[in-house]
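K.L.:
Pasting the feature list from Swiss-Prot:
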BINDING   Cys495  heme binding site
CARBOHYD  Asn24  N-linked glycosylation site
CARBOHYD  Asn174  N-linked glycosylation site
CARBOHYD  Asn218  N-linked glycosylation site
CARBOHYD  Asn283  N-linked glycosylation site
CARBOHYD  Asn307  N-linked glycosylation site
CARBOHYD  Asn441  N-linked glycosylation site
TRANSMEM  37-57  transmembrane segment
Amino acid sequence: MDSVRTFEACFLSTAAEITFFLKNITTTGNRAQSTKVVLNTLTAIVVVWICYRAVIYPKFISSLRHLPTAKRKYPLIGYGPAQFANSRGELFLEMAKAIPNEGLIRFHGFLETENLLLTSPEAIQEVLVKNSYNFIKPRGAKALFDRFLGSEVLFASEGPNHRNSKKHMQPPFNLSKVKILYSMFWDKAVKMSDDIGRSVIPSEKEILVTDVDMHAHNATLDAVMRALFGEKIEKSPYKHEILRLLDSVLGGSWDVTAYFMMTAFLPLWTLKLIPGGINDRVNFSSYRLRQSVRAFLNERKDESGSNKSDDIAMEMANSDYFTDDELVANLLGLMMAGIEPTAAGFVWIAWYLAIHPDWQTKVRNELKANIAHRFFTDDPTSFDAASVLESLPILNAVCNEGLRLKPPAPTSNRIAKFDTTILGHPVKAGTRIFISPFVSNRSEEFWGLTAAMYDPSRWLGDQKSGRKEVYNSRGGAATSTHCGFLPFLHGPRKCIGSIYAQAEMRAFIACLVGRFEFEMADKEEEMISAGILTSKPKGGLKLRLHKVKKW
(Lines of atoms letter the chains of each structure in order from A; the text may use other names.)
(Lines give C-alpha, C1' and ligand atoms only; values in the text may rest on other atoms or scores of the structure.)
Protein backbone atom coordinates (compact mmCIF):
# COMPACT_ATOMS: atom_id res chain seq x y z
CA MET A 1 0.00 0.00 0.00
CA ASP A 2 2.93 2.35 0.74
CA SER A 3 4.36 1.70 -2.71
CA VAL A 4 1.00 2.54 -4.25
CA ARG A 5 0.93 5.87 -2.44
CA THR A 6 4.52 6.58 -3.49
CA PHE A 7 3.71 5.83 -7.12
CA GLU A 8 0.60 8.04 -7.02
CA ALA A 9 2.58 10.87 -5.42
CA CYS A 10 5.15 10.65 -8.20
CA PHE A 11 2.35 10.66 -10.78
CA LEU A 12 0.75 13.80 -9.32
CA SER A 13 4.12 15.49 -8.98
CA THR A 14 4.92 14.76 -12.63
CA ALA A 15 1.55 16.12 -13.73
CA ALA A 16 2.13 19.32 -11.75
CA GLU A 17 5.59 19.79 -13.27
CA ILE A 18 4.19 19.30 -16.78
CA THR A 19 1.46 21.87 -16.14
CA PHE A 20 4.07 24.37 -14.91
CA PHE A 21 6.17 23.62 -17.98
CA LEU A 22 3.25 24.33 -20.35
CA LYS A 23 2.45 27.63 -18.69
CA ASN A 24 5.98 28.86 -19.26
CA ILE A 25 6.13 28.08 -22.99
CA THR A 26 5.77 31.33 -24.92
CA THR A 27 5.68 30.58 -28.67
CA THR A 28 2.59 29.03 -30.25
CA GLY A 29 4.58 26.50 -32.27
CA ASN A 30 6.55 25.33 -29.30
CA ARG A 31 3.37 25.20 -27.24
CA ALA A 32 1.53 23.00 -29.78
CA GLN A 33 4.47 20.63 -30.18
CA SER A 34 5.09 20.48 -26.45
CA THR A 35 1.41 19.89 -25.71
CA LYS A 36 1.45 16.84 -27.97
CA VAL A 37 4.54 15.51 -26.23
CA VAL A 38 3.02 16.16 -22.81
CA LEU A 39 -0.26 14.45 -23.69
CA ASN A 40 1.60 11.42 -24.97
CA THR A 41 3.67 11.40 -21.79
CA LEU A 42 0.58 11.66 -19.59
CA THR A 43 -1.09 8.85 -21.53
CA ALA A 44 1.96 6.67 -21.02
CA ILE A 45 1.99 7.50 -17.30
CA VAL A 46 -1.70 6.59 -16.97
CA VAL A 47 -1.13 3.30 -18.78
CA VAL A 48 1.84 2.50 -16.54
CA TRP A 49 -0.20 3.46 -13.46
CA ILE A 50 -3.06 1.17 -14.51
CA CYS A 51 -0.64 -1.67 -15.16
CA TYR A 52 0.94 -1.11 -11.78
CA ARG A 53 -2.39 -1.03 -9.91
CA ALA A 54 -4.01 -3.87 -11.85
CA VAL A 55 -1.09 -6.25 -12.39
CA ILE A 56 2.25 -5.45 -10.78
CA TYR A 57 1.16 -4.49 -7.24
CA PRO A 58 -1.53 -7.15 -6.62
CA LYS A 59 0.47 -9.99 -8.20
CA PHE A 60 4.04 -9.26 -7.16
CA ILE A 61 4.13 -6.72 -4.30
CA SER A 62 0.99 -6.90 -2.14
CA SER A 63 1.37 -8.64 1.21
CA LEU A 64 -2.05 -10.19 0.55
CA ARG A 65 -1.12 -11.68 -2.83
CA HIS A 66 -0.91 -15.23 -1.44
CA LEU A 67 -4.51 -15.21 -0.17
CA PRO A 68 -7.35 -16.81 -2.17
CA THR A 69 -8.49 -14.09 -4.58
CA ALA A 70 -11.75 -13.56 -6.43
CA LYS A 71 -11.42 -13.01 -10.16
CA ARG A 72 -12.03 -9.40 -11.12
CA LYS A 73 -15.62 -8.82 -12.10
CA TYR A 74 -14.83 -5.67 -14.11
CA PRO A 75 -11.49 -4.02 -15.04
CA LEU A 76 -10.44 -1.22 -12.66
CA ILE A 77 -13.72 -1.26 -10.72
CA GLY A 78 -13.63 -4.92 -9.65
CA TYR A 79 -16.37 -5.63 -7.13
CA GLY A 80 -16.81 -1.94 -6.27
CA PRO A 81 -20.45 -1.81 -7.47
CA ALA A 82 -21.27 -4.68 -5.11
CA GLN A 83 -21.34 -2.14 -2.26
CA PHE A 84 -24.40 -0.54 -3.84
CA ALA A 85 -26.16 -3.60 -5.26
CA ASN A 86 -29.66 -4.26 -3.96
CA SER A 87 -28.77 -7.82 -2.91
CA ARG A 88 -25.40 -6.94 -1.43
CA GLY A 89 -24.81 -10.12 0.53
CA GLU A 90 -25.60 -12.55 -2.29
CA LEU A 91 -22.47 -11.75 -4.29
CA PHE A 92 -20.29 -12.27 -1.22
CA LEU A 93 -22.05 -15.56 -0.47
CA GLU A 94 -21.30 -16.79 -3.99
CA MET A 95 -17.69 -15.72 -3.50
CA ALA A 96 -17.39 -17.55 -0.17
CA LYS A 97 -18.86 -20.75 -1.63
CA ALA A 98 -16.86 -20.74 -4.86
CA ILE A 99 -13.40 -19.90 -3.50
CA PRO A 100 -11.70 -22.36 -1.13
CA ASN A 101 -10.39 -20.34 1.80
CA GLU A 102 -9.36 -20.49 5.44
CA GLY A 103 -11.21 -17.40 6.65
CA LEU A 104 -9.99 -14.65 4.31
CA ILE A 105 -10.78 -13.90 0.66
CA ARG A 106 -9.13 -11.05 -1.23
CA PHE A 107 -11.11 -9.16 -3.86
CA HIS A 108 -10.58 -5.89 -5.70
CA GLY A 109 -12.75 -2.80 -5.66
CA PHE A 110 -12.69 0.59 -7.34
CA LEU A 111 -9.30 1.44 -8.89
CA GLU A 112 -8.05 -2.01 -7.89
CA THR A 113 -8.09 -1.29 -4.15
CA GLU A 114 -7.64 -4.44 -2.09
CA ASN A 115 -10.48 -5.66 0.12
CA LEU A 116 -10.86 -8.63 2.42
CA LEU A 117 -13.99 -10.70 3.06
CA LEU A 118 -14.03 -12.50 6.42
CA THR A 119 -15.59 -15.98 6.29
CA SER A 120 -14.48 -17.85 9.42
CA PRO A 121 -15.57 -17.32 13.05
CA GLU A 122 -11.94 -16.80 14.05
CA ALA A 123 -11.46 -13.97 11.53
CA ILE A 124 -14.77 -12.32 12.43
CA GLN A 125 -14.04 -12.64 16.15
CA GLU A 126 -10.63 -11.05 15.67
CA VAL A 127 -12.01 -7.99 13.86
CA LEU A 128 -15.29 -7.48 15.74
CA VAL A 129 -14.26 -8.49 19.25
CA LYS A 130 -10.58 -9.00 20.06
CA ASN A 131 -9.17 -6.06 18.09
CA SER A 132 -12.34 -4.13 17.30
CA TYR A 133 -10.80 -0.67 17.69
CA ASN A 134 -7.99 -1.51 15.27
CA PHE A 135 -10.61 -1.50 12.52
CA ILE A 136 -12.57 1.73 12.14
CA LYS A 137 -15.72 2.80 10.32
CA PRO A 138 -15.08 4.07 6.77
CA ARG A 139 -14.48 7.79 6.41
CA GLY A 140 -17.54 8.07 4.19
CA ALA A 141 -19.84 6.78 6.93
CA LYS A 142 -18.50 9.32 9.39
CA ALA A 143 -18.86 12.12 6.82
CA LEU A 144 -22.45 11.07 6.23
CA PHE A 145 -23.38 11.17 9.92
CA ASP A 146 -21.48 14.40 10.58
CA ARG A 147 -23.11 16.08 7.59
CA PHE A 148 -26.62 15.11 8.59
CA LEU A 149 -26.42 15.19 12.40
CA GLY A 150 -23.98 18.05 12.93
CA SER A 151 -21.94 16.37 15.68
CA GLU A 152 -20.12 13.12 16.41
CA VAL A 153 -22.40 10.20 17.26
CA LEU A 154 -21.83 6.80 18.83
CA PHE A 155 -22.05 4.95 15.51
CA ALA A 156 -19.28 7.01 13.92
CA SER A 157 -16.98 7.52 16.92
CA GLU A 158 -13.83 5.50 17.52
CA GLY A 159 -11.53 4.34 20.32
CA PRO A 160 -11.90 6.05 23.73
CA ASN A 161 -14.68 8.32 22.43
CA HIS A 162 -16.75 5.30 21.44
CA ARG A 163 -16.06 3.46 24.70
CA ASN A 164 -17.03 6.46 26.84
CA SER A 165 -20.10 7.33 24.77
CA LYS A 166 -21.36 3.75 24.88
CA LYS A 167 -20.74 3.56 28.62
CA HIS A 168 -22.98 6.59 29.22
CA MET A 169 -25.61 5.49 26.68
CA GLN A 170 -25.85 1.91 27.90
CA PRO A 171 -28.07 2.30 31.03
CA PRO A 172 -31.36 2.98 29.19
CA PHE A 173 -30.64 0.05 26.85
CA ASN A 174 -30.41 -2.72 29.43
CA LEU A 175 -32.91 -5.58 29.57
CA SER A 176 -34.87 -4.22 32.55
CA LYS A 177 -35.58 -0.97 30.66
CA VAL A 178 -36.68 -2.88 27.58
CA LYS A 179 -39.14 -4.91 29.64
CA ILE A 180 -40.70 -1.69 30.91
CA LEU A 181 -41.32 -0.63 27.30
CA TYR A 182 -42.74 -3.98 26.18
CA SER A 183 -46.29 -2.88 26.96
CA MET A 184 -45.78 0.18 24.76
CA PHE A 185 -44.46 -1.99 21.91
CA TRP A 186 -47.51 -4.23 22.26
CA ASP A 187 -49.85 -1.24 22.25
CA LYS A 188 -48.21 0.04 19.03
CA ALA A 189 -48.49 -3.46 17.53
CA VAL A 190 -52.23 -3.57 18.27
CA LYS A 191 -52.69 -0.12 16.73
CA MET A 192 -50.74 -1.23 13.65
CA SER A 193 -53.01 -4.25 13.30
CA ASP A 194 -56.05 -1.99 13.67
CA ASP A 195 -54.70 0.21 10.87
CA ILE A 196 -54.05 -2.83 8.70
CA GLY A 197 -57.60 -4.03 9.29
CA ARG A 198 -59.00 -0.66 8.27
CA SER A 199 -56.76 -0.30 5.24
CA VAL A 200 -57.38 -3.57 3.44
CA ILE A 201 -59.13 -2.84 0.15
CA PRO A 202 -60.83 -5.14 -2.36
CA SER A 203 -58.71 -5.91 -5.40
CA GLU A 204 -60.19 -6.66 -8.82
CA LYS A 205 -60.91 -10.20 -7.64
CA GLU A 206 -62.51 -9.01 -4.39
CA ILE A 207 -59.49 -10.10 -2.36
CA LEU A 208 -58.44 -8.06 0.67
CA VAL A 209 -54.91 -6.77 0.09
CA THR A 210 -52.61 -4.34 1.88
CA ASP A 211 -48.94 -3.32 1.87
CA VAL A 212 -47.64 -4.36 5.28
CA ASP A 213 -44.32 -2.59 4.71
CA MET A 214 -45.98 0.83 4.85
CA HIS A 215 -47.72 0.01 8.14
CA ALA A 216 -44.51 -1.43 9.58
CA HIS A 217 -42.60 1.76 8.83
CA ASN A 218 -45.23 3.98 10.45
CA ALA A 219 -45.63 1.79 13.53
CA THR A 220 -41.88 1.41 14.03
CA LEU A 221 -41.36 5.14 13.69
CA ASP A 222 -44.07 5.75 16.29
CA ALA A 223 -42.59 3.18 18.69
CA VAL A 224 -39.01 4.44 18.32
CA MET A 225 -40.03 8.04 18.97
CA ARG A 226 -42.00 6.99 22.04
CA ALA A 227 -39.06 4.99 23.40
CA LEU A 228 -36.61 7.82 22.78
CA PHE A 229 -38.63 10.84 23.85
CA GLY A 230 -41.20 9.44 26.26
CA GLU A 231 -44.95 9.75 26.53
CA LYS A 232 -44.83 13.55 26.21
CA ILE A 233 -43.90 13.32 22.53
CA GLU A 234 -47.29 11.77 21.72
CA LYS A 235 -49.16 15.07 22.16
CA SER A 236 -46.32 17.46 21.40
CA PRO A 237 -46.52 19.61 18.25
CA TYR A 238 -42.82 18.89 17.80
CA LYS A 239 -43.64 15.26 16.95
CA HIS A 240 -45.24 16.14 13.62
CA GLU A 241 -42.52 18.66 12.85
CA ILE A 242 -39.81 16.07 13.53
CA LEU A 243 -41.61 13.47 11.41
CA ARG A 244 -42.08 15.90 8.52
CA LEU A 245 -38.46 17.00 8.52
CA LEU A 246 -37.16 13.46 8.93
CA ASP A 247 -39.18 12.34 5.93
CA SER A 248 -37.86 15.21 3.82
CA VAL A 249 -34.27 14.00 4.23
CA LEU A 250 -34.86 10.24 4.45
CA GLY A 251 -37.75 9.95 2.03
CA GLY A 252 -36.02 7.54 -0.33
CA SER A 253 -36.40 9.57 -3.53
CA TRP A 254 -33.73 9.20 -6.21
CA ASP A 255 -32.10 12.54 -5.43
CA VAL A 256 -31.91 11.78 -1.69
CA THR A 257 -30.33 8.40 -2.44
CA ALA A 258 -27.81 10.04 -4.79
CA TYR A 259 -27.12 12.69 -2.17
CA PHE A 260 -26.21 10.19 0.54
CA MET A 261 -24.06 8.12 -1.82
CA MET A 262 -22.14 11.21 -2.94
CA THR A 263 -21.79 12.45 0.65
CA ALA A 264 -20.22 9.16 1.67
CA PHE A 265 -17.76 8.80 -1.20
CA LEU A 266 -17.16 12.15 -2.90
CA PRO A 267 -16.05 15.68 -1.92
CA LEU A 268 -18.78 17.93 -0.54
CA TRP A 269 -18.64 20.30 -3.52
CA THR A 270 -20.07 17.54 -5.73
CA LEU A 271 -23.36 17.73 -3.80
CA LYS A 272 -24.14 21.02 -5.50
CA LEU A 273 -24.14 19.22 -8.85
CA ILE A 274 -27.30 17.24 -8.02
CA PRO A 275 -30.25 18.96 -9.73
CA GLY A 276 -33.39 19.97 -7.86
CA GLY A 277 -31.79 21.81 -4.94
CA ILE A 278 -31.40 18.68 -2.82
CA ASN A 279 -28.23 19.99 -1.16
CA ASP A 280 -29.93 23.12 0.15
CA ARG A 281 -33.03 21.16 1.11
CA VAL A 282 -31.11 18.60 3.16
CA ASN A 283 -29.00 21.28 4.82
CA PHE A 284 -32.08 23.30 5.79
CA SER A 285 -34.15 20.29 6.88
CA SER A 286 -31.26 18.82 8.89
CA TYR A 287 -30.76 22.11 10.71
CA ARG A 288 -34.50 22.50 11.42
CA LEU A 289 -34.69 18.88 12.56
CA ARG A 290 -31.91 19.37 15.10
CA GLN A 291 -33.54 22.59 16.30
CA SER A 292 -36.92 20.88 16.77
CA VAL A 293 -35.40 18.05 18.82
CA ARG A 294 -33.43 20.57 20.88
CA ALA A 295 -36.56 22.65 21.57
CA PHE A 296 -38.51 19.59 22.69
CA LEU A 297 -35.69 18.49 25.00
CA ASN A 298 -35.48 21.97 26.52
CA GLU A 299 -39.19 21.80 27.31
CA ARG A 300 -38.69 18.43 28.99
CA LYS A 301 -35.76 19.68 31.04
CA ASP A 302 -37.82 22.61 32.31
CA GLU A 303 -40.59 20.35 33.59
CA SER A 304 -40.64 19.54 37.28
CA GLY A 305 -39.73 15.93 38.00
CA SER A 306 -38.30 15.37 34.54
CA ASN A 307 -35.21 13.84 36.11
CA LYS A 308 -37.38 10.84 37.07
CA SER A 309 -38.31 10.07 33.50
CA ASP A 310 -37.41 6.64 32.18
CA ASP A 311 -37.25 7.54 28.47
CA ILE A 312 -33.91 7.34 26.70
CA ALA A 313 -33.56 11.06 25.95
CA MET A 314 -33.91 12.18 29.56
CA GLU A 315 -31.68 9.42 30.89
CA MET A 316 -28.96 10.48 28.49
CA ALA A 317 -29.50 14.15 29.33
CA ASN A 318 -29.31 13.45 33.07
CA SER A 319 -25.99 11.64 32.66
CA ASP A 320 -24.37 15.09 32.19
CA TYR A 321 -21.86 13.51 29.80
CA PHE A 322 -23.18 14.74 26.46
CA THR A 323 -23.20 18.33 25.26
CA ASP A 324 -26.51 19.59 23.87
CA ASP A 325 -25.26 19.12 20.30
CA GLU A 326 -24.03 15.58 21.03
CA LEU A 327 -27.30 14.68 22.76
CA VAL A 328 -29.41 15.86 19.82
CA ALA A 329 -27.11 14.17 17.28
CA ASN A 330 -27.12 10.84 19.10
CA LEU A 331 -30.90 10.83 19.53
CA LEU A 332 -31.37 11.46 15.82
CA GLY A 333 -28.79 8.78 15.09
CA LEU A 334 -30.75 6.34 17.24
CA MET A 335 -33.90 7.22 15.30
CA MET A 336 -32.18 6.53 11.99
CA ALA A 337 -30.71 3.26 13.26
CA GLY A 338 -33.91 2.12 14.94
CA ILE A 339 -36.59 2.70 12.33
CA GLU A 340 -35.70 1.09 9.00
CA PRO A 341 -33.73 -1.96 10.26
CA THR A 342 -36.50 -2.88 12.72
CA ALA A 343 -39.27 -2.38 10.16
CA ALA A 344 -37.29 -4.33 7.55
CA GLY A 345 -36.67 -7.21 9.97
CA PHE A 346 -40.38 -7.42 10.79
CA VAL A 347 -41.37 -7.37 7.11
CA TRP A 348 -38.94 -10.16 6.18
CA ILE A 349 -40.17 -12.34 9.07
CA ALA A 350 -43.77 -11.72 7.95
CA TRP A 351 -42.82 -12.63 4.37
CA TYR A 352 -41.38 -15.98 5.43
CA LEU A 353 -44.55 -16.72 7.40
CA ALA A 354 -46.65 -15.77 4.36
CA ILE A 355 -44.88 -18.32 2.16
CA HIS A 356 -44.66 -20.94 4.94
CA PRO A 357 -48.25 -21.20 6.19
CA ASP A 358 -47.44 -24.28 8.28
CA TRP A 359 -45.16 -22.22 10.52
CA GLN A 360 -47.65 -19.35 10.56
CA THR A 361 -50.26 -21.78 11.90
CA LYS A 362 -47.84 -23.10 14.54
CA VAL A 363 -47.19 -19.57 15.80
CA ARG A 364 -50.92 -18.78 15.87
CA ASN A 365 -51.72 -21.94 17.83
CA GLU A 366 -49.00 -21.07 20.32
CA LEU A 367 -50.45 -17.57 20.73
CA LYS A 368 -53.97 -18.93 21.23
CA ALA A 369 -52.72 -21.30 23.92
CA ASN A 370 -50.94 -18.57 25.88
CA ILE A 371 -52.64 -15.21 25.25
CA ALA A 372 -56.31 -14.31 25.67
CA HIS A 373 -57.92 -12.85 22.54
CA ARG A 374 -58.94 -9.65 24.34
CA PHE A 375 -55.29 -8.62 24.66
CA PHE A 376 -55.08 -8.43 20.86
CA THR A 377 -58.01 -6.01 20.60
CA ASP A 378 -59.86 -4.49 23.56
CA ASP A 379 -57.36 -4.63 26.42
CA PRO A 380 -53.76 -4.40 25.15
CA THR A 381 -52.43 -2.40 28.12
CA SER A 382 -53.20 -5.15 30.68
CA PHE A 383 -51.12 -7.73 28.86
CA ASP A 384 -47.78 -8.75 30.42
CA ALA A 385 -46.07 -8.72 27.03
CA ALA A 386 -42.47 -9.00 28.26
CA SER A 387 -42.74 -12.25 30.19
CA VAL A 388 -45.19 -13.95 27.82
CA LEU A 389 -43.69 -13.09 24.41
CA GLU A 390 -40.13 -13.92 25.43
CA SER A 391 -41.29 -17.30 26.73
CA LEU A 392 -42.91 -18.47 23.48
CA PRO A 393 -40.41 -20.80 21.73
CA ILE A 394 -42.07 -20.97 18.30
CA LEU A 395 -42.56 -17.20 18.10
CA ASN A 396 -38.90 -16.62 18.96
CA ALA A 397 -37.81 -19.34 16.54
CA VAL A 398 -39.55 -17.81 13.51
CA CYS A 399 -38.23 -14.35 14.40
CA ASN A 400 -34.64 -15.55 14.65
CA GLU A 401 -34.88 -17.67 11.51
CA GLY A 402 -36.17 -14.68 9.53
CA LEU A 403 -33.34 -12.51 10.84
CA ARG A 404 -30.82 -15.25 10.09
CA LEU A 405 -31.75 -15.52 6.43
CA LYS A 406 -32.55 -11.84 5.86
CA PRO A 407 -30.45 -9.67 8.18
CA PRO A 408 -31.51 -6.00 7.81
CA ALA A 409 -27.88 -5.00 7.17
CA PRO A 410 -26.43 -7.81 4.99
CA THR A 411 -22.92 -6.33 4.87
CA SER A 412 -20.74 -4.12 7.04
CA ASN A 413 -17.19 -2.94 6.54
CA ARG A 414 -14.24 -1.57 8.45
CA ILE A 415 -10.91 0.03 7.57
CA ALA A 416 -7.62 -1.12 9.05
CA LYS A 417 -6.54 1.84 11.20
CA PHE A 418 -2.85 0.95 10.96
CA ASP A 419 -0.68 -1.93 9.79
CA THR A 420 -1.97 -5.01 11.59
CA THR A 421 -2.72 -8.70 11.09
CA ILE A 422 -5.78 -10.92 10.68
CA LEU A 423 -5.28 -14.64 11.29
CA GLY A 424 -1.56 -13.97 11.12
CA HIS A 425 -1.70 -12.40 7.65
CA PRO A 426 -0.24 -8.87 7.42
CA VAL A 427 -2.87 -6.25 6.58
CA LYS A 428 -1.81 -2.74 5.54
CA ALA A 429 -3.41 0.41 6.95
CA GLY A 430 -6.33 1.52 4.81
CA THR A 431 -7.35 -1.97 3.70
CA ARG A 432 -11.14 -2.34 3.66
CA ILE A 433 -12.48 -5.32 5.60
CA PHE A 434 -15.94 -6.73 4.84
CA ILE A 435 -18.05 -8.63 7.35
CA SER A 436 -21.23 -10.04 5.85
CA PRO A 437 -23.97 -11.29 8.20
CA PHE A 438 -25.68 -12.57 5.05
CA VAL A 439 -22.69 -14.88 4.45
CA SER A 440 -22.16 -15.95 8.08
CA ASN A 441 -25.85 -16.55 8.71
CA ARG A 442 -26.03 -18.90 5.69
CA SER A 443 -22.67 -20.60 6.15
CA GLU A 444 -22.81 -24.40 5.92
CA GLU A 445 -19.80 -24.47 8.23
CA PHE A 446 -21.97 -22.93 10.94
CA TRP A 447 -25.44 -24.24 10.07
CA GLY A 448 -24.88 -27.47 8.17
CA LEU A 449 -26.27 -28.53 4.81
CA THR A 450 -29.64 -26.87 5.51
CA ALA A 451 -28.05 -23.44 5.97
CA ALA A 452 -29.91 -21.90 3.02
CA MET A 453 -33.27 -23.39 4.00
CA TYR A 454 -35.98 -21.73 6.09
CA ASP A 455 -36.29 -24.03 9.09
CA PRO A 456 -37.32 -22.44 12.41
CA SER A 457 -37.11 -25.87 14.05
CA ARG A 458 -33.34 -25.39 14.23
CA TRP A 459 -34.09 -22.94 17.08
CA LEU A 460 -36.19 -25.50 18.96
CA GLY A 461 -35.04 -28.36 21.14
CA ASP A 462 -32.71 -28.90 24.07
CA GLN A 463 -30.05 -31.52 23.43
CA LYS A 464 -29.53 -32.20 27.14
CA SER A 465 -33.16 -32.73 28.11
CA GLY A 466 -34.38 -33.87 24.70
CA ARG A 467 -37.38 -31.53 24.91
CA LYS A 468 -38.36 -30.35 21.42
CA GLU A 469 -40.58 -27.47 22.51
CA VAL A 470 -37.78 -25.57 24.27
CA TYR A 471 -36.27 -22.50 22.60
CA ASN A 472 -32.58 -22.87 21.74
CA SER A 473 -30.94 -19.45 21.49
CA ARG A 474 -27.95 -20.83 19.54
CA GLY A 475 -30.13 -22.34 16.84
CA GLY A 476 -27.91 -25.39 16.60
CA ALA A 477 -25.05 -23.36 15.12
CA ALA A 478 -21.73 -25.19 15.14
CA THR A 479 -19.86 -22.25 16.69
CA SER A 480 -19.86 -20.88 20.21
CA THR A 481 -18.54 -17.44 19.23
CA HIS A 482 -21.92 -15.93 18.16
CA CYS A 483 -20.35 -15.31 14.74
CA GLY A 484 -22.81 -17.61 12.99
CA PHE A 485 -25.74 -15.32 13.81
CA LEU A 486 -24.96 -11.66 13.19
CA PRO A 487 -28.17 -9.70 12.48
CA PHE A 488 -26.88 -6.94 14.78
CA LEU A 489 -23.13 -7.72 14.52
CA HIS A 490 -21.13 -8.63 17.62
CA GLY A 491 -18.58 -7.23 20.04
CA PRO A 492 -18.10 -3.67 21.35
CA ARG A 493 -19.71 -2.20 18.23
CA LYS A 494 -22.78 -4.43 18.29
CA CYS A 495 -25.99 -2.47 17.77
CA ILE A 496 -26.75 -0.86 21.14
CA GLY A 497 -30.50 -1.13 20.57
CA SER A 498 -30.60 -4.75 19.40
CA ILE A 499 -32.77 -6.00 22.28
CA TYR A 500 -35.18 -3.11 21.67
CA ALA A 501 -35.43 -4.07 18.01
CA GLN A 502 -35.98 -7.75 18.78
CA ALA A 503 -38.65 -6.96 21.38
CA GLU A 504 -40.45 -4.73 18.90
CA MET A 505 -40.32 -7.31 16.10
CA ARG A 506 -41.53 -10.00 18.49
CA ALA A 507 -44.56 -7.91 19.49
CA PHE A 508 -45.41 -6.86 15.93
CA ILE A 509 -45.19 -10.41 14.53
CA ALA A 510 -47.26 -11.86 17.39
CA CYS A 511 -50.01 -9.30 16.91
CA LEU A 512 -50.07 -9.65 13.12
CA VAL A 513 -50.30 -13.45 13.28
CA GLY A 514 -52.86 -13.35 16.09
CA ARG A 515 -55.13 -10.97 14.22
CA PHE A 516 -54.80 -12.19 10.62
CA GLU A 517 -54.21 -15.20 8.46
CA PHE A 518 -52.16 -14.00 5.50
CA GLU A 519 -50.51 -15.05 2.29
CA MET A 520 -48.82 -13.32 -0.62
CA ALA A 521 -51.22 -11.23 -2.70
CA ASP A 522 -49.38 -12.50 -5.76
CA LYS A 523 -48.09 -16.00 -5.09
CA GLU A 524 -45.90 -15.83 -8.19
CA GLU A 525 -44.16 -12.64 -7.11
CA GLU A 526 -40.40 -12.95 -6.80
CA MET A 527 -39.32 -11.03 -3.72
CA ILE A 528 -36.23 -8.89 -4.43
CA SER A 529 -34.08 -7.24 -1.78
CA ALA A 530 -33.47 -3.52 -2.16
CA GLY A 531 -31.99 -0.63 -0.21
CA ILE A 532 -28.67 1.16 0.29
CA LEU A 533 -28.48 1.16 4.11
CA THR A 534 -31.10 -1.47 4.95
CA SER A 535 -32.23 -4.52 2.99
CA LYS A 536 -36.00 -4.69 2.55
CA PRO A 537 -38.44 -6.03 -0.06
CA LYS A 538 -38.41 -3.96 -3.23
CA GLY A 539 -41.87 -2.51 -3.76
CA GLY A 540 -43.09 -3.42 -0.27
CA LEU A 541 -44.87 -6.54 0.96
CA LYS A 542 -48.40 -6.91 -0.37
CA LEU A 543 -50.41 -9.50 1.51
CA ARG A 544 -53.86 -11.02 1.19
CA LEU A 545 -55.39 -11.06 4.68
CA HIS A 546 -58.27 -12.75 6.48
CA LYS A 547 -59.27 -11.81 10.03
CA VAL A 548 -58.78 -14.51 12.65
CA LYS A 549 -61.92 -15.47 14.56
CA LYS A 550 -62.13 -14.75 18.27
CA TRP A 551 -61.00 -17.58 20.53
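Cβ from N, Cα, C; glycine included.
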K.L.:
I'd like the number of other C-beta atoms within 10 A of the C-beta of Cys495 (heme binding site), please.
P.N.:
19
K.L.:
What's the CA-CA gap between Asn174 (N-linked glycosylation site) and Cys495 (heme binding site) in angstrom, rounded?
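P.N.:
Cα-Cα distance, Asn174 (N-linked glycosylation site) to Cys495 (heme binding site): 12 Å.
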K.L.:
Give the distance between the Cα atoms of the residue listed as 'heme binding site' and Asn441 (N-linked glycosylation site), rounded to the nearest whole Å.
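P.N.:
The residue listed as 'heme binding site' to Asn441 (N-linked glycosylation site), Cα-Cα distance: 17 Å.
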K.L.:
How far is it from Asn283 (N-linked glycosylation site) to Asn218 (N-linked glycosylation site), counting Cα to Cα, in Å?
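P.N.:
Each residue's Cα considered, Asn283 (N-linked glycosylation site) and Asn218 (N-linked glycosylation site) end up 24 Å apart.
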K.L.:
Including all protein chains shown, what's the count of other C-beta atoms within 10 A of the C-beta of Asn174 (N-linked glycosylation site)?
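P.N.:
I get 10 for this one.
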K.L.:
How big is the Cα-to-Cα gap, in Å, between Asn218 (N-linked glycosylation site) and Asn441 (N-linked glycosylation site)?
P.N.:
28
K.L.:
How many other Cβ atoms are found within 10 Å of the Cβ atom of Asn283 (N-linked glycosylation site), counting all protein chains shown?
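P.N.:
Counting Cβ neighbours of Asn283 (N-linked glycosylation site) within 10 Å gives 14.
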K.L.:
Quick check on the glycosylation sites: of Asn218, Asn441, whose CB has the lowest count of neighbouring CB atoms inside 10 Å?
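P.N.:
With the glycosylation sites Asn218, Asn441, fewest surrounding Cβ atoms within 10 Å: Asn218.
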